[in-house]
Every structure is written in structure tokens, then in C-alpha cells.
Amino acid sequence: MEKPIVAIVGRPNVGKSTLFNKLIGERRAIIADEAGTTRDRQYGETIWNGRVFTIVDTAGLLVGDDDPNLPLAEIVRRTHQQAQLAIDEADVIVFMVDVREGLIAADEEVAALLRRSSKPVVLGVNKADTEDRRQNAVEFYNLGLGDPIALSAYHGTGSGDLLDEIVRHLPAGQEEEEDDNSLKIAIVGRPNVGKSSLLNKLVGEERVVVSNIPGTTRDSIDTKLTYKGIPITLIDTAGIRRRGSIEQGIERYSVLRTMKAIERCHIALILVDAQEGPTAQDTHVAGMVLEANKGLAIIVNKWDLIDKAKFSYEDAKTTMSQVFHFAPYAPIEFISAKTGQRATKVLDIAQTIQSERNKRVSTSDINNLLRAAVREHPPTAMHKGAHLRLFYATQAQVEPPVFLFFSNAPEQVHFGYKRYLENRIREQYGFIGTPIILVFKGREEEQTVSVSGKR
């Protein structure tokens, strides 16, 4: 079931990211952070009074938005852009203001935009960390957005009141969708890369164009089909555009809609335009897929329009591998949705990835691999004068694959050594198109069997 989305908007330096971090706490998913995949995490789940929802820091979605040195006019424009994105995509909007600066014109302009929308708005007056400042929060009644909630995102005071108000405005909970056991594939990518064309080619029929109704939201479009005996649900974000989806003539990602599609899917297919090449937005969304621990494939569309004499398949494959270097295990396929060239190959790839995500490695096999890896490249860290030791490993779960490693000092295992072990696992067992998660835990030495052969 899709979780409601709560978007935080506001000018630079009002405390959006501080509030975001306070509300989501420490993210539990354990994956490797690598430069170039995502910026600071912009979204995370939280639960309050039994309701689970996704919090989004819209400043993180729009590059450069939290630069306090921007000219005032640019700050206003970008804050408007944040607000419009939230109006387009979120279920509840948290509008953050700064009590220390008081009510300023930039806040009033954004408030006017929010009042014209049909979305519920919760007004958070931040940096109210003294009694006088809490009293000054009443000034923000003038924004016409209801009761201002005085809080200090840094200290956490008032955050409970804010969460109460957020939950009060969340849409009514929906019944859990019946599990149809189909393979759920999300087709994501920038506008005009051919998402609709690919979907139409796969299902063999023209899709109805979704009407653009200002002020409303729609769930992603689901299309069901069967391919090689496997039931498949295609989750399509194509055609879903809002009045706010065009900014100075350049269409931007429907980022929050893409997040919902990624949340629901097993496998995400990121479509890249062969003529334009991959963009920072494409790598950003790929990072979102990896953050969610979903399967990933890179699909390069419009390959029929490329002059192969000037830009060969090998050249294109090298370029894509370099851009998506943080996911070297993700398959890359070149297609033409328009002509149908290799279009159904994407379904074969998705089925392969799903099989890889459900692959299990026996405990004896993973420990044989660990012994060999430690023998060839021992960990060099020290713990209380003793060498770091890895005793034992086992696969804990599938979809995504999770491996547990037991050590005398799990916190001392270096990121580089974790990557080494991941590479050894992939060399031996593949795990094409899926993140694998390595978790290191402590265990008393006498309770384990040492794979290093030493006691």
C-alpha cells in the first residue's frame, strides 16, 4: 500500500533539513553511501499515532535550493518551485517559517500560493526555543494557513504537536492491496524519453492519455500482462503531468510520483534518451532505487535514431557504465520503443533480476567464500590490540539479499573491506541487477567457528 507523502517547504535556512532529520530519526536501511548516487537523503519514513507516512525535504530535490547566498528574487522563485512541487505531489504540506526573522514578504507570497491549492497545510514556526519566541509565533496567523505551531526542530520541542497536526490531515488509510503475486515493474524516467511508447509496445495497445486536472493527484497507472507465463504489473508514471511540472520551459521530474512508483515495485527500469544521453536526474533516480533496495536496470531508448558509424554500441555501453558506475551490477540494454527493437528484452531482464533477488546461497558456500576472501586479503584493522576477525557468515534473507557477518569488532570493518566482500560475492554468485546488503554483527569468539583458521 502506498504511504501518504508529507512535503516540507520553506525558504533557505528556516530549518527544513533539521526538522526532516528529527522526524525520521536514523534510517534503518543499511546500504553503502557513495558519492554521485544521491545527495543527502531527502526522504524517509516515520510513524506517529499508528500512521506510517513518508517525509520529503523538497529542498533536497531541487539542487541548490538551500543556498542562503542566493539573491532574494531567486530564493523566492525556488521556494515557489518547492511549494508547487509539493502541491503537485504531496498529500500534506508542512510550511516552515523562522520566528526569529518574523513574517516577511517571501513567506507571504508562498502562503498565497499554498492557500490557492486544495492541499492541507501545516504551518511550522521554527526556532521558537524561548518563551518570548513562542509568543511571537502568533504573528504568523496573518498568513491565513491556520494555527501556527511553535517548535524548535533542533531541540525537538513542539515536534509532537506538529506530528499530531500532520496525522490529522493525512488521507484516510486504505485497505491493504491484495497481493496478486505479480512481478511489479516501474517504468521511470524524464519526460519524453518514451515511457508511454514502451508501455504501449509491451501491452500491444494504445493507452488513454491522462487528463491534466489542476489541483488533483493520481496514482500511477497499473497495467497487467503475462509474459512467458509470469504475471506482471507495469507501474507507469508516464503522462502524469501537472500545471507546475513545467518550469521556464523545462519539464522536471515528477520526483514524488517517481518515489511512489519505486516504493511499490520490485524492479525499476530507468529509461534514458539515447540522443540526449544520461543526466544528473537519471543518476539521482537510480540512487533512489538503490536507497529503496529495489532491482535496477538501465534502458537506453531511441537507439534506432543513433548513427552507429559515429557512436557505436561499445561507445554507448562505455558511457552508460561510466555514468552509472555506482551500480556496475545493473544491466544496460539498448532498445527502440517506437520500432519495438528489443523492447520485450526489458521483461526478460526484469524476470532475471527478480530471480537474482530471490537467490539463496547456502551457509557452507558463503563461509567457504569468506575463508578464501580472508585468506587472500585479510582485514587490517585492529581492535583492542587484536586483529579484526570475521568468524562466520550466513544469508539472512532474500529480496533483497542480506548477508550477516559476525566479527569481534563489527564497527571496525572498513567500507573498503565491505566492498571487497561484496565484490567477491558478486564474482561468485552474480546477483545481477540487485543491491545486496552486508550487515556486520558482534559475537563472542568462543561461540563461533573462526574462518581464519586461528584461535
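Sequential numbering from 1, following the chain as shown.
The backbone N, Cα and C atoms fix where each Cβ goes, glycine too.
Taken from Swiss-Prot, the feature GTP 1 binding site applies to 10-17, 57-61, 126-129.
Per Swiss-Prot, the feature GTP 2 binding site maps to 189-196, 236-240, 301-304; the stated evidence is sequence analysis.
The annotation domain 'EngA-type G 1' is assigned in Swiss-Prot to 4-174. The average pLDDT computed for the domain 'EngA-type G 1' (4-174) is 79.
According to Swiss-Prot, the feature domain 'EngA-type G 2' maps to 183-358.
Taken from Swiss-Prot, the feature domain 'KH-like' applies to 359-444, supported by sequence analysis.
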Task: Rounded Cα-Cα span from K195 (GTP 2 binding site) to G10 (GTP 1 binding site), Å - done: 32
Open item on the list: Quick check for the class: what is the C-alpha distance, in angstrom and rounded, between K16 (GTP 1 binding site) and W303 (GTP 2 binding site)?
Closed with: 42
TODO: For T58 (GTP 1 binding site), identify the closest of the binding-site residues G189, K195, W303, judging by Cα separation.
DONE: G189
Task: Chain-internal residues near G189 (GTP 2 binding site), provided their CB is under 8 angstroms and they sit 6+ positions away - done: K195, I270, L271, V272, D282, V285
TODO: Would you pick out, from the binding-site residues N13, T58, N192, the residue whose Cβ has the largest number of other Cβ atoms within 10 Å?
DONE: T58
